[in-house]
Amino acid sequence: MLTLLSGLFSILIVTEFVLGTFANGFIAVVNCTDWVKRQKMSSADRILTALAISRISFLWVMLVNWYAAVLNPALYIFEVRLLVYVAWTASNHFSVWLATSLSVFYLFKIANFSSLIFLRLKWRVKSAVVVILLGSLFFLVFQIAGVSMYEKIQMKEHEGNVTRQTNLGGILHLSSLTIFTLANFVPFAISLTSFLLLIFSLRKHLKRMQSSGKRSQDPSTKVHIRAMQTVISFLFLLAGHFTTLIVTVWSSSGLQNELFFMLFQAFGFVYPSSHSFILIWGNKKLKQAFLSVLYQGKYWLKEQKLSTP
């Protein structure tokens, strides 16, 4: 039974990896192709492209981690484990924070408030996004430093004063978990704030439309709703991803069981894979390109069937 479940989880993980790599690769290729044709790329497309590349890296790191931990444990020596942990931390960091930056970008581009601070940020939205990304590096540096030191102490635990090494390792482990939790909670809080402000902005807009006697389904309303759908889908998926990560890192000793490890690995692939399809469907250019690819694929299959004797 355990072997059957492990096999099913393996199929699920590989399927999620393939779909996620396809979706993120599709976003990157379409935006880069459009950039080559037009010789320019919008700020939203830049964030989307960087997000897609970071998620492809994240998916590959998770696949390597799953393969080394489950299918080839002999490969999981200290140097490999440390490299995977650092790569996982960095790719997860940029995947989450770039998506958060996209939520903030939508907020400032779409919402309308009379606040002077908001208007200044709206005029300098590119600078605001850059500041958010640069500020997030504070968490990344401390996360990588904490993980590296903890892993090295674990390796040298048998040398010198074992009690001292164990106590120091426990302190570093707790510090790393705390920083990790904050580094994932802060972008969730920022995205949630962006979503709530978009709701408030839409409400004000609808009141203005009603008072002026105009219909509510104007272009601004549609843009508000489309942005809110993108942000709320990100929030739901990030909440699930965040919960999975917190349970994984805070209960690492209880995840030594192969079945539980693969279960949480399968959950970990959901966020970077599925959210990219939502981004494609919510972007007019990407949606048209995606439907065009599907139509061409359907037409090719039809031609193959007709040509088969």
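Placement of Cβ uses the backbone N, Cα and C atoms for every residue, glycine included.
Values in this document were obtained by computation on a predicted structure and should not be read as measured data.
The annotation transmembrane segment is assigned in TrEMBL to 6-27 (among others). Here the transmembrane segment (6-27) has Cβ contacts under 8 Å with residues 48-49, 51-53, 55-56, 59-60, 62-63, 66, 70, 258-259, 262-263, 265-266, 269-270, 272-274, 276-277, 279-280, 286, 289-290, 293 of the same chain, all six or more residues outside its ends.
The transmembrane segment annotation in TrEMBL covers 47-70 (among others). With a threshold of 8 Å between CB atoms, the same-chain residues lying at least 6 positions outside the transmembrane segment (47-70) that come near it are 6, 10, 13, 17, 20-21, 24-25, 27-28, 31-32, 41, 76, 80-81, 84, 87-88, 91-92, 94-95, 98-99, 101-102, 105, 129, 258, 261-262, 265, 268-269, 272-273, 276, 279, 283, 286.
Positions annotated as transmembrane segment by TrEMBL: 82-108 (among others).
Marked as transmembrane segment by TrEMBL: 128-150 (among others).
The transmembrane segment annotation in TrEMBL covers 170-202 (among others). Beyond the transmembrane segment (170-202), the same-chain residues lying 6 or more positions past its ends with a Cβ under 8 Å from any Cβ of the stretch are 93, 96-97, 99-100, 103-104, 106-107, 110-113, 132, 136, 139-140, 142-143, 146-147, 149-150, 153, 221, 224-225, 227-228, 231-232, 234-235, 238-239, 242, 245-246, 249-250.
Tertiary neighbourhood of the transmembrane segment (223-247): same-chain residues 92, 96, 99, 102-103, 106-107, 110-111, 180-181, 184-185, 187-188, 191-192, 194-195, 198-199, 201-202, 205, 264, 267-268, 270-271, 274-275, 278-279, 282, selected by CB-CB distance under 8 Å and a gap of 6+ residues from either end. Residues or ranges marked as transmembrane segment by TrEMBL: 223-247 (among others).
Long-range neighbours of the transmembrane segment (259-281) within the same chain, counting only residues 6 or more positions beyond its ends whose Cβ lies under 8 Å from a Cβ of the stretch, are 2, 5-6, 9-10, 12-13, 16-17, 19-20, 23-24, 26-27, 48, 51-52, 55, 58-59, 62, 65-66, 69-70, 95, 99, 230, 233-234, 237-238, 240-241, 244-245, 247-248, 287, 290. If you look up TrEMBL, you'll see 259-281 (among others) marked as transmembrane segment.
Away from its own ends, the transmembrane segment (128-150) comes close to residues 43, 47, 82, 85-86, 89-90, 93, 97-98, 100-101, 104-105, 108, 121, 169, 172-173, 175-176, 179-180, 182-183, 186-187, 190 of its chain (Cβ-Cβ under 8 Å, at least six residues beyond either end).
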